[in-house]
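Features as listed in TrEMBL:
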| type | residues | note |
| --- | --- | --- |
| REGION | 1-25 | region 'Disordered' |
| COMPBIAS | 1-10 | compositional bias 'Basic and acidic residues' |
| TRANSMEM | 38-60 | transmembrane segment |
| DOMAIN | 42-512 | domain 'Major facilitator superfamily (MFS) profile' |
| TRANSMEM | 115-133 | transmembrane segment |
| TRANSMEM | 140-158 | transmembrane segment |
| TRANSMEM | 170-195 | transmembrane segment |
| TRANSMEM | 207-230 | transmembrane segment |
| TRANSMEM | 236-257 | transmembrane segment |
| TRANSMEM | 320-341 | transmembrane segment |
| TRANSMEM | 361-381 | transmembrane segment |
| TRANSMEM | 393-412 | transmembrane segment |
| TRANSMEM | 418-440 | transmembrane segment |
| TRANSMEM | 452-472 | transmembrane segment |
| TRANSMEM | 484-505 | transmembrane segment |
Amino acid sequence: MSPEPTHSEETTPLLPKSPTQSINSTTDHDALLTRQTIAIRVSVICILSVLLVEIGDFMLQAPLARTLEDIICRDYYSSAPLSGFSDAPRLSIPESHCKNDVIQGKLAMLRGWDGTLACIPGLILSVPFGILADKIGRKTVLFMSLIGLSLGLIWVQVICYFDTFFDVRWIWSANLLALIGGGSAVTKTMYYTIIADVVAEEQRATVFFQIVSASLIATLAGVPLAWWLIKVSSLRAPMMAAVLFVLLGALLVLLLPETLHLREHLRISSPDTDQAQEEVIEYEGSSTEDEGALTFSRKNWSMLLEKFEESRFVFTNPKLLALSATFLVQSLHGMMNQFLLQLASKRLGWSLADASFLIPLASITNFVQLVFVLPAIYGILSRFHLQAAVKDLTVSRGSALLMALGSLGLAVSPARGLFVISTIIFSLGMGLHPAIRSLLTDLVDPTQVSRLYGVLAVMETIGGMVSSPLVAGAFSSGLKKGGLWSGGGFLVAAVAYAAAGLLTLSVSVKKDESITHDDVNQVIDEER
């Protein structure tokens, strides 16, 4: 008895490929090469742009902190005629005389409220600018956001230079210029969106990692360069250079192709994309039909409300809500850098320029952790045949513990060695939110990932708005009490990371568990 034909034999064509099929195969190959070329070009430009912008950001941190400290310091001593520093010119008061509790407390509150106000443009405008990017293009929105950030940096320097005319709190008004492009939240989103438009899914994670690596490398370049410029020139030199780096990063964006329509073209022309082609054609047709039904502004508001409505599933599922709530402390890490410099300068007697080298130390630790430590940990966990979600949950719990211990160590460290070790421990916990983001992605249906990420972005922004003045207030109050209480801001951070760790402990992951599309539809139907 002859064996039954296999599926491959049944589907094998009896006739050889026609010339038309060969031409189509060649066309598909050319389309694939075109996509790869465009993806490489876009990735390189985005990575270089991020590198330049981040170098500018890290170059600004120490000199801006010292400039603001000097302004507050001169204002403080001008009200004390017997101090010998009344009406002192710029930077004439030694930095060591500006480390008293009153001056440092005012500096902490000034920067803390600035951090809160910086979150508002992103909270209000992230979704509208996302819709605008779908309308006029990603490149335009990214360029606008970088120009807005550059103008904000310039305005801060104008206020600092004319500090006898402007109250130092006018630096808060620089956040209004972020309304031009939505601020740093929109900038970050647009970089990732542009890459996602043209880079193949299997290569996307690699490019995203390269973006993160560019940010880490920027600290190794920006901080020493700023330190050198301060030593050989003045505080203004690295601050002006920082603006130039950000503007160069913005100009690089102009070399990018517009990826909005390019994405649709690549989806149609690339091989094995018949379904994608149908989806694109359907999308284009539906947008044409809707064009006359709604005005542009009404359409935007309608889309905005629809996106919020579709995101309710995160808040109705206890597990998703608990894990998403950990993103309220996501912005703490970046915020703690400025307080790290201030605390090291105050407690250890370092200048702000010297203390800024703690930032590259943290970045090197982050890099080693991302490249070596985390892959090794995941490899060890894989030997126990654990599913991906369980491994992510385990890593997130360990990372939360490290960040809580590191924050506590920084809060109470009386000696330089212990302070540096605590900085390293704190930096080793940076796997917390990548692991939780990966876990959340595993738990939801692929069709809900973009909505989930939108909720996480809002959580992060709200957390930044609340935690910035809270940490600054704790830092200022701790300085008044003196002693180890001077690390009050890091005590607050330790409590916050401990709370995040408890949230991860409250969650358990069952085998093959996921929140499906049907579950979301059921929640929406019940609410209706």
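Glycine is treated like the rest: Cβ placed from N, Cα and C.
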Original post:
Going along the chain, which residues at least six beyond the ends of the transmembrane segment (361-381) come within the CB cut-off of under 8 Å?
Top reply: 209, 212-213, 216-217, 219-220, 337, 390-391, 394-395, 398, 420, 423-424, 426-428, 430-431
Subject >> Distal contacts, the transmembrane segment (452-472) - CB-CB under 8 A, six or more residues away >> reply: 108-109, 111-113, 115-116, 118-120, 122-123, 126-127, 185, 189, 307, 311, 314-315, 320, 324-325, 327-332, 335-336, 339, 437, 440-441, 444, 489, 492-493, 496
Original post:
Quick one: do the transmembrane segment (320-341) and the transmembrane segment (236-257) have at least 3 Cβ pairs under 8 Å, skipping pairs fewer than 6 apart in sequence?
Top reply: no
**OP:** May I ask whether the transmembrane segment (484-505) has at least three C-beta pairs under 8 Å with the transmembrane segment (38-60), counting pairs 6 or more apart in sequence?
**Re:** no
Subject >> Other parts of the chain folded back onto the transmembrane segment (484-505), taken as Cβ under 8 Å at six or more residues beyond its ends >> reply: 108, 322-323, 325-326, 328-329, 332, 336, 339, 343, 346-347, 393, 396-397, 400-401, 403-405, 407-408, 410-414, 429, 432, 436, 467, 470-472, 474-475, 477-478
Subject >> Long-range environment of the transmembrane segment (418-440) - Cβ separation under 8 angstroms, sequence gap at least 6 >> reply: 320, 323-324, 326-327, 330, 333, 336, 340, 344, 347-348, 358, 361-363, 365-366, 369-370, 373-374, 388-389, 392-393, 395-396, 398-410, 452-453, 456, 497, 500, 504, 509
Subject >> Result, the transmembrane segment (115-133) in contact with the transmembrane segment (170-195) (3+ CB pairs under 8 Å) >> reply: yes
**OP:** State the mean pLDDT for the domain 'Major facilitator superfamily (MFS) profile' (42-512).
**Re:** 81
Subject >> Contacting positions for the transmembrane segment (393-412) when only residues 6+ beyond its ends and CB under 8 Å are counted >> reply: 326, 333, 336, 340, 343, 374, 377-378, 381, 386, 418-419, 421-433, 435-436, 439, 484, 487-491, 493-494, 497-498, 500-501, 504-505, 507, 509
